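Okay, structure first, notes after.
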């Protein structure tokens, strides 16, 4: 037996849960091998993970057949089982890095953001890698403020905290720095021309563009000087004096050779070479001028240079050592000289300097590295490197600590204040930071930074969610709820609701971040080969593929240790791939199909919207055993029949027919029978006979889309017909809103006997005669039927001799013989009004009269005298015939004569009343027979009457011309008055419109007067008068004048259309007309959609309302007023009869009422007669209002009780338990919505025709509880009005005892209250629509409920739609279902929390019982959409709108759906808990007396057995709580 589902719970899945669902990890993005068409291993369709493609067959084919079931093939690893497992076996993708679930990120408000107290923007910045979030600040300080946990940091801020504060100053090419690399700088110091440091710190070069190497040169050289002039020293520094010569001195060569002169910046070397070998090297200091040139050959003793005055060392050369040899008066100095020779190297962007500033290099050391070894710079000799022209200077905030001895830290270490750096503890750090050891300058730099833990992406968010202590957070937020600021409290409440949802449901916040992504079973995302060898695939496969590709790439990059920026980008792309899979297009641009702009359908798209799983597949499935065809009229059918084409019936009833054929021996077995049916030509007559037998006693359902109310589907007994069309009974057309201009209908077969019984009893067309919306007949004569019946019951009034008086009947008859008086002319005989016909033809009984008609003696329309049941009736044979027709149909002549009025012609309304009265007095079956009779005779007489219309039937009255001339004269006067300045332009416009409206009205009256007096049998007139077709406005346009037209803007043209259609319109008139007509058409199209949407919203808000019990026992009631204030005078007047009927009919009296001497007891169902009695009593001033039970005050949870609901209007009897009255209410309100909309185009956009612009939008505004645009100012208190007027504004004061309330209004406000008026709270002070929310605050829920019902009714009444108040009340009750907590008392509720009134009341009862403080609340008014979304059933809400939001909220709270309403049960494929599916009906058994006796005896025995102790041992006892 199938287990019955009791509840459905939705929750978050933990990563472990997701992995436990999975049958294996999908590692590759491959799907199917296009050659073998087999799934790829580890791919999205892998058979090892998801199961075999063919039943009981592994992938390699080693194991086939069912006997190997459950075995896993050792070759291919596929389990041998049914292929259906591919519909529910899931896989998973293990993510390389966690990813957030977009529903919990982008929902409004974001669930993750709410928990972590991050805004949506902040959360997005972290998840998509544009900002860091702090997990552990570790004492970090940013701009003098301590960094906090969960603070967001930009890349710069993070780098500053993690790697120190630094600023980069770019330098233009060719500009050299003014500070050295590694030099300490202060704020404001110039780093380069025009570049100033904004920071204290250390300047570091970035990408120097030029390197200067100062090579150290050494040379041993000699110099002979006069001894007396020599300034003796052991070494000479650059620029020091060597000698002071008193007179010029010539320095001579001491060897012969070739001169080689090497000049320095100052001074020079002179080398003498012999055969290329140097023989002597001389030093020429500053002050000594060479006398020889390079390459000159010199002799020994030849002067080489001349010296004068001071001789000194060049500025860049020093003598490290001096050896002196004195020879007589001269001294020969051997000098060991050292100097630097700079060499510059350009550094290109692709090259890299590998030594620091000031570094000493040896010959062969690399200074600049490059990709091409040829471009590298290698040291030519020993030297010192200097860096120049950096691309930029980086100033790092760092402390510099010089040291002497050994360093105790190394580069990259992190230190805190007080940590030892060098020199055995003498040098210590006094800041947090990262160490850089500079051995060139013997310093330790500590770059000020922190070991802060801040991260990006879902990983960081997951860590924070894991660390959340929900209990502590709850306590903290409860404290915050005591804060005086309302905004702070509201924010805390929202967070607290989420926290509690997690706490109560047992979900963990970190589960909102995915570590593994589940992979949908492959048969739910199929891939099929289409013609041409290409593959058609579900969009999900593309989305999964993207995800797997990115995931695998990220894994690879992580394994390779790729740079942070690449990893970060890949992680972001992975997050975006997960987002696209879950909800494509929710963030950023949607992922589209390659080659088109169509966004891919993600999992969210598959669920939500009209084409989503909920609405397309769960709430509305296509069904088998159905067909559709065009409908044609079937006038010969009975009300409960429909004509079904034979071929269609054959297909629909095929299984039944096959069985019957086998039974009757037409075919040996079912297979043969099926083959016989497939060969269409071979179908024998026996088959058709068998089909007749099969359908005998069965019913089928006919449906016409759009199904706006329950009468859009009705059951009929099929009658087999030739042809291809379904034949429909004319009288059900109104319920279906069907006509025969090409409409199609669908046929469905209820299969089970239960379904057949239900269709036959509940849905048969003959059982659905009254409208559930108003209780009026829906199956009633219309069109031709009315015309025929009106034709025979109309009487002739002739003019000839009318008004003549005769003394005796004989005189009158003689005058008639002479042709002076017509048969039907009204005359007086002996002072009594009569006619010749009544005198001449006196019949003893109705049969005689009808016989006379048959013999052509009198016409059906002549007035004659008939004796009947002891009475003399003056009536026409036609009316007698009509009475006879009714009598035969209802099989009760007495009742028939009571039902019909013989003194009026039978038109639309009288026929409707006849049907209704017949229903009340005679019941359903006889009424159905009556309808068939009326249909038959109506068609017969409308045919034989020969009534049809031609152009000449549109008769134009003589008076029209005169009325138009009169109007033109008045028009001239208005224009003159305007010209002379007596009227403003607006007044002139209004007066012209008024004039033409009056003129049109006069012409209309003239048209009808003309018809009545001169052409009473004019077909046009007959049709309009009888209600068969056309209305006075259309007749006016045909015969009178079209009148005023509307502009596209909705205003009215002041020039009317003077012509009628009979006369034809001028070009200008035609043009003017076209606007309105087109607007009507456009309106219709647009508003049909709005109306359908409204119906959908109404159904969604009311579907759970079912009649659940007989009496809820409430003492509350509503008072239906019988009077209402006049719009203009504000004095009370009796409400319209129809309005009172809509409020009272079928209700239960809540208090006893005695009127006009009749006592109506409490608990009585008010019939229409009772209502009429109450109206009479109101007219007599005996009663002002009637106390009745109402759904608004019903105490039944999730529904209403019989008493509060009253009559089932479609049956005119108390409603049955289990009736889905909520849906009936929604349909009753929604169905006319489309009529309202479509009403426009009938009048072709004539001005004055009620255009629904006030209609539907107003209804929607009321049901959505929107604040109206032009809203009235309402008084918030009871009091007396005082008005003060100033230059720019009006002040209206409402004053009550010791209290006054002021309302400031603009000068042009149209006041409703006068100075000194007494007003009540909630009463409008100015014109406009009342804001229901304000009314609720001022006057309470009852006032709002009455206001909404009344305002909605106003719109429907304006359109002539009858609708019972209780339908609107049911919807309004659902709008008023919720309350807001103002003080939680001793409960766990929160201030501002919204929940159902029932729940609060139940909670309060419990609190009071426990002696605790109850919850204080205020009523809320919610629009139907919001109310529907707030329902407890998450299945119902999710299938309505905002699917993702509803499911997100429900999942977090771990909501359980109790399956109370209808939608949730339909979604799960259960019987709906209404009608025959309600427990009341399902568990009610119908038994005969014998069974009843047996049950009674069994019950007695059970009681006795219970009283006897269980003596025998081993008696199996039922476990408590288990159902036996």
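Heads up, the Cβ atoms here are built off N, Cα and C, so glycines get one too.
As given in Swiss-Prot:
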- 58, 60, 73, 76: Zn(2+) 1 binding site (BINDING)
- 739, 741, 743: Mg(2+) binding site (BINDING)
- 1112, 1194, 1201, 1204: Zn(2+) 2 binding site (BINDING)
- 1501-1524: region 'Disordered' (REGION)
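Swiss-Prot feature annotations superimposed on the structure.
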| residue | record | DSSP class |
| --- | --- | --- |
| 58 | Zn(2+) 1 binding site | coil |
| 73 | Zn(2+) 1 binding site | coil |
| 739 | Mg(2+) binding site | coil |
| 1112 | Zn(2+) 2 binding site | coil |
| 1194 | Zn(2+) 2 binding site | coil |
| 1204 | Zn(2+) 2 binding site | helix |
C-alpha spacing of residue 1204 (Zn(2+) 2 binding site) relative to residue 73 (Zn(2+) 1 binding site), in angstrom: 67
Largest tally of Cβ atoms lying within 10 Å of a Cβ, found at which of the binding-site residues 58, 73, 76: 58
Cβ packing number for residue 1112 (Zn(2+) 2 binding site), 10 Å threshold: 19
Among 60, 1194, 1204, which are binding-site residues, the residue with the most C-beta atoms within 10 angstroms of its C-beta: 1204
Non-site residues, in chain order, whose CB comes within 8 A of the mean position of the CB atoms of 1112, 1194, 1201, 1204 at Zn(2+) 2: 1109, 1111, 1114, 1189, 1191, 1193, 1195, 1196, 1200, 1202, 1203, 1205
Euclidean distance between Cα atoms of residue 739 (Mg(2+) binding site) and residue 1112 (Zn(2+) 2 binding site), Å: 44
Environment of 739, 741, 743, the listed Mg(2+) site - residues of the same chain whose CB lies within 8 A of the CB centroid: 631, 738, 740, 742
Residue among binding-site residues 58, 60, 76, 741, 743 with Cα closest to the Cα of residue 1204 (Zn(2+) 2 binding site): 743
Neighbours of 58, 60, 73, 76 excl. site residues, C-beta within 8 Å of centre, Zn(2+) 1: 59, 61, 62, 63, 74, 75, 77, 78
Residue 743 (Mg(2+) binding site) to residue 1201 (Zn(2+) 2 binding site) - Cα separation in whole Å: 40
Using Cα positions only, nearest of the binding-site residues to residue 739 (Mg(2+) binding site) (58, 60, 76, 1194, 1201): 1201
Among 739, 741, 743 [binding-site residues], residue with fewest other Cβ within 10 Å: 741
Alpha-carbon distance [residue 58 (Zn(2+) 1 binding site); residue 1194 (Zn(2+) 2 binding site)] in Å: 63
Candidate binding-site residues 58, 76, 741, pick with smallest Cα gap to residue 1201 (Zn(2+) 2 binding site): 741
Pairwise CA distance, residue 60 (Zn(2+) 1 binding site) versus residue 741 (Mg(2+) binding site), rounded so that it is a whole Å: 61
Cα distance (Å, whole number) from residue 58 (Zn(2+) 1 binding site) to residue 741 (Mg(2+) binding site): 58
Local Cβ density at residue 1201 (Zn(2+) 2 binding site) - other Cβ atoms counted within 10 Å: 22
